[in-house]
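TrEMBL lists Cys165 with the feature active site, glycyl thioester intermediate. According to TrEMBL, the ATP binding site annotation covers 16-21, Asp40, 48-51, Lys64, 109-114. If you look up TrEMBL, you'll see Cys150, Cys153, Cys428, Cys431 marked as Zn(2+) binding site. Taken from TrEMBL, the feature compositional bias 'Basic and acidic residues' applies to 211-220. Sequence annotations record features per position, and here TrEMBL assigns compositional bias 'Low complexity' to 555-572. Residues or ranges marked as domain 'THIF-type NAD/FAD binding fold' by TrEMBL: 4-425. As annotated by TrEMBL, domain 'Ubiquitin-activating enzyme SCCH' applies to 312-365. Sequence annotations record features per position, and here TrEMBL assigns domain 'Ubiquitin/SUMO-activating enzyme ubiquitin-like' to 438-530. Here TrEMBL flags 197-220, 551-579, 597-620 as region 'Disordered'.
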Amino acid sequence: MEHLSAIKGAKVLMVGAGGIGCELLKTLALSGFQDIHIIDMDTIEVSNLNRQFLFRQSHVGQSKAKVAREAVLRFRPQISITPYHANVKDSDFNVDFFKQFSVVLNGLDNLDARRHVNRLCLAADVPLVESGTTGFLGQVTVHIKGRTECYECQPKPAPKTYPVCTITSTPSKFVHCIVWAKDLLFAKLFGDKNQDNDLNVRSNDSASSSDHSEDVFERKKDEDFEQYAKRIYDHVFGHNIESALSNEETWKNRNKPRPIYVKDVLSDEIQQNGNVDKTPATDNSSMLSAMAYLGLKNPQDIWSLKENSRVFFAALKLFFSKRQKEIGNLSFDKDDHLAVEFVTAAANIRAASFGIPLHSLFEAKGIAGNIVHAVATTNAIIAGLIVIEAIKVLQNDSKSCRMTYCLEHPSRKMLLMPVEPFEPNKACYVCSETPLVLEVNTHRAKLRDVVEKIVTSKLGMNLPLITHGSGLLYEVGDDLEEDMVANYAANLEKVLSELPYAITGGTMIQVEDLQQELVCNINIKHREEFDEEKEPDGMVLHGWTQAPAAENKDTATSSSNNGASTSSTSTTLVPTDMEEDDELTILETGIETIAAGKKRKLSDVSNSETPIPTDDKRAKKIAEHAEDDVVVMLDDEKKNSR
């Protein structure tokens, strides 16, 4: 009866109404919760329907939060559900808003929003139950101010990145070819023409060797399409490869790629493959398909080089003949079938050139869309565990709270591994207010560099206010007077040591986010030089914990605009990156096997190159709940990823 009383009197905030959110709302309603509020900024997409069971085909394009409410009220009409079709980072959802709730339940899909909710919960002193799933894996963690670690007490992995030189010149994995096809080639052909692009667009002809040589991607007036398509194909898969081969030093320890030209693959077939005038007329661009025209039916078949080339030309022609008005404004969308066909074909042709195994459209779509295919049952299990932990919190029974990990393979005949919550990390700058240290050249770096590279990017502040002593150097807000805005804008362009309240080595600045009610003190340490390759920001922040990116330490371009970024259809025990949808967890870079309290590197159990940093105390605590062969997942985080 005690837990029923706690449930009925609770006011619950759910953040996220996707894969986990649908299951969670249903479970909350059936468990007796009477007052539920839901925040979700997303609308329903076709790709959601296979697992987000509260939605139907007729709901596509509508608000997830509002449709979820309507669906649940059909079988629980007596309860109160308040939907908000909005971003949880909006100013309306401030600390006072959070204070009205008994507990907050997260079903989010990105690091930035999770950090924001964590900070608001700390400021409002409201317990937070975090969650995430990826495939068969999942986890639920409980965060109570002063009693358990907060969401940011432990490192989170950086979004997976790939060096530009690897993508453009020396790909060694299929994911590199996908990134090239999606973020460079597709963007160049169909996206914003003025956007920076690392793709080589200049002709290799000696007559066009000057800086003013023409852009081969520009279609000439009245140019025959087949000729234009052939020129693009030969340039990106032939001339560019030959250009790369001219640098012999690059290939001393690598297998040389082979240039591929249309004449070597299709001969005279391009005239036939380019002719798509007989495709069925349709007003729905998402229904256009190069596969359908070419008679390719199974998306799990691996196409030959010839078939990939035919799909490449057919897809290109469909874009230019049927979707001409969209060209210049397109960005890759995993739900755009024609875009997926084009990227798959282009990536496979490039893979063939570099001796990389080809992949099916099904596999390529998973990589290009950062998809780890969802398992609805895992979402249901995690949603149930969230409610169990929420009930414990509402009963003030924090001693019984557990972080629970859902495993893919049984351990001690168990698929669910409960672990006692960890104590707050005394070095955490979020919940313990430990000062940070910033190494920076105060005579070269501008205040703008600190704001963009440190305050917003690494510390995740939305409305920062920066002070030095009694002097206010920078502030963001809608209620600022024009002269103040102009003054702060001028400060952004000043070198740190030349600010009105000079920032030099040995000084301390205070950075505050008024919305999150978070305050960070940063000690400044002057440093003259930085390694451009290893320290590309030109400054280093200490005390801010984030796990290193799994792919490479070099300056790189992200494989995804999402952050989370990112891609994985890998066969590792836990993929480094997750699908952009919220039924997928924000996990650490993998699974760690703890044997008798000993730490093991992630590379011992997966293909990842990055070990999970685990302190002795944490490893010992997990070991108390595990036998020698227990596999345990540690903290969560995504990409990538929206």
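Please read every residue number as a count from 1 along the shown chain.
Note: Cβ is positioned from N, Cα and C throughout, glycine not excepted.
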Nearest to Cys428 (Zn(2+) binding site) by Cα distance: which of the recorded positions Gly16, Gly19, Asp40, Asp112, Cys165 is it?
Asp112
Out of Cys150, Cys153, Cys165, Cys431, the recorded positions in the record, which is closest to Asp40 (ATP binding site) when you go by Cα distance?
Cys150
Give the distance between the Cα atoms of Cys165 (active site, glycyl thioester intermediate) and Asp112 (ATP binding site), rounded to the nearest whole Å.
28
Please report the Cα separation of Asn50 (ATP binding site) and Cys153 (Zn(2+) binding site) in Å, rounded to an integer.
35
Let's check the environment of Cys153 (Zn(2+) binding site): how many other CB atoms sit within 10 Å of its CB?
22
Within 8 Å of the Cβ centre of Cys150, Cys153, Cys428, Cys431, which other residues of the chain have their Cβ, at the recorded Zn(2+) site?
Leu122, Glu149, Tyr151, Glu152, Pro424, Asn425, Val430, Ser432
Which one of the recorded positions (Cys165, Cys428, Cys431) has its C-beta surrounded by the most other C-beta atoms within 10 angstroms?
Cys431
Rounded distance in angstrom between the Cα atoms of Asp112 (ATP binding site) and Cys150 (Zn(2+) binding site):
15
Alpha-carbon distance [Cys150 (Zn(2+) binding site); Gly19 (ATP binding site)] in Å:
24
Most Cβ neighbours within 10 Å: which of the binding-site residues Asp40, Asn50 is it?
Asp40
Overall pLDDT of the domain 'THIF-type NAD/FAD binding fold' (4-425), taken as the mean:
87
